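Listed in Swiss-Prot:
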type     : residues           : note
BINDING  : 206, 214, 230, 236 : Zn(2+) binding site
COMPBIAS : 33-43              : compositional bias 'Acidic residues'
COMPBIAS : 377-397            : compositional bias 'Basic and acidic residues'
DOMAIN   : 64-110             : domain 'F-box'
MOD_RES  : 33                 : phosphoserine
MOD_RES  : 33                 : phosphoserine
MOD_RES  : 37                 : phosphothreonine
MOD_RES  : 278                : phosphoserine
MOD_RES  : 419                : phosphothreonine
MOD_RES  : 480                : phosphoserine
REGION   : 11-53              : region 'Disordered'
REGION   : 377-446            : region 'Disordered'
MOTIF    : 64-69              : motif 'D box'
């Protein structure tokens, strides 16, 4: 009755409302004179009461269950699900935990889940190396060098990807395909490897040269920086001397012999690069780089691209988006524009409408269109600078300046009739409007103007949209750098081009189709800081 009374919302003196409704008046009066609880309820409440009374007391606490009382098999499963960095603290709790943490099953799972090691680790038993040794002395110790890096090789730069490969940590140098085959896959060669073949410590081996692995050294200088050193550079030498080394390097780097290269200036550039890069003997300093963060409203997915750069061959460029602009930063470079510099910048506010196919062949017509847009951009910048100067005096101390990644809003451009032009809205609006014909399968025909040189004549003949941009040019040794106008042409999700107006040259870029682990920036601010750092090294 007491339970029923609580459910019905009445006190114990009133009785059960549902039971009263079922009974007549006489039965109800009799029921009101009876106790509110039946014998069974009295027994339950009496057993829970203190001193045998009807007043209910606190329930006794449930019996405690210690982790120490769990079977070892269950403890192994629990410990194996924890991050490996937490397990040393767990081993200090008691002797039983420390003994269980010697179970290789735990460390085998941590190697697989944290570092992707899918090898059959049981074969390590032959060498006497445990999975715990692999985790602690190899994977965890060198975890800070996993990811993408740029070597400090003067203006040339490079792209190093350090990965866990089976029971090894290997540093792969990624190389562009041979010029001018920009759509071919990337090439790569190992520069060093780290493995654990004995229980004492991990072994670092230099892989440079053609005589197999030999002794090397790795030093983690500071956060996001490490260096490699070869202790047996004689393994890099070839029996035929420098001439044989140069011929071998040329065949690997360019896929041809010096006799195949008829351009004298190109021969000089190739020889200069060989002399400069070979002097390092794989003793290099690397700085971490991140892949650019992406947003749903980006023009295309940002990332790494291979691009044609005339006599310098193919180079690696990172495309990233920064508000109303897109930037192409060199990961590899040359004596004119070194690695780390911003090779192209695209103004997503200023679309360029190409003329019909016949007029596209006329370089003067394309030049006229681009220069008109450049003049419009200059006027907007002057107006924006004047407005910024007037507003600077009124700016309060709490008002923040826009960051480099979020440029100040510029005045919308005007069309010939005084109405806002198609390049005056938000970048997302311009991109959406430009993508409409492309999504309907109505991509605009495209052809290079007569007189514009291209290393690759097999460029797409249909484009989605074009934007005004600038390209960085300079003399040898990065002297007298200046930004010159050009046209950014978006072909598809994986290819774009840039017409260098002043050079009368065309660069074609194709996406690097590779998956990189441990390469995402922890934040957009960290990515912007990384760009500043690699640019400052060659400025």
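Placed from the backbone N, Cα and C atoms, the Cβ positions cover glycine too.
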Fill in the blank from the handout: For the domain 'F-box' (64-110), the averaged pLDDT of the predicted model is 87
Practice task
Would you list the other residues of this chain near Zn(2+) - those whose C-beta lies within 8 angstroms of the C-beta centroid of 206, 214, 230, 236 - in sequence order?
Solution key: 207, 208, 209, 215, 216, 231, 232, 233, 235, 281, 282
Exercise for the section: With an 8 Å cut-off on Cβ-Cβ distance and a minimum sequence separation of at least 6, pull the same-chain contacts of residue 230 (Zn(2+) binding site), or say none. Expected result: 206, 208, 214, 215, 216, 217, 236, 281, 282, 283
Exercise for the section: Sort out the sequence-distant neighbours of residue 480 (phosphoserine) for me: same chain, 6+ apart, CB within less than 8 Å of its CB, listed by position. Expected result: 474
Handout entry: For residue 278 (phosphoserine): intrachain residues, at least 6 apart, with Cβ closer than 8 Å
Key = 245, 249
Completion exercise
Cβ neighbour count (10 Å, all chains) around residue 214 (Zn(2+) binding site) is 17
Problem - For the domain 'F-box' (64-110), the number of residues DSSP places in helix, strand and coil - result: 33 helix, 0 strand, 14 coil
Completion exercise
By the 10 Å Cβ-neighbour count, the most surrounded of the binding-site residues 206, 236 is 206
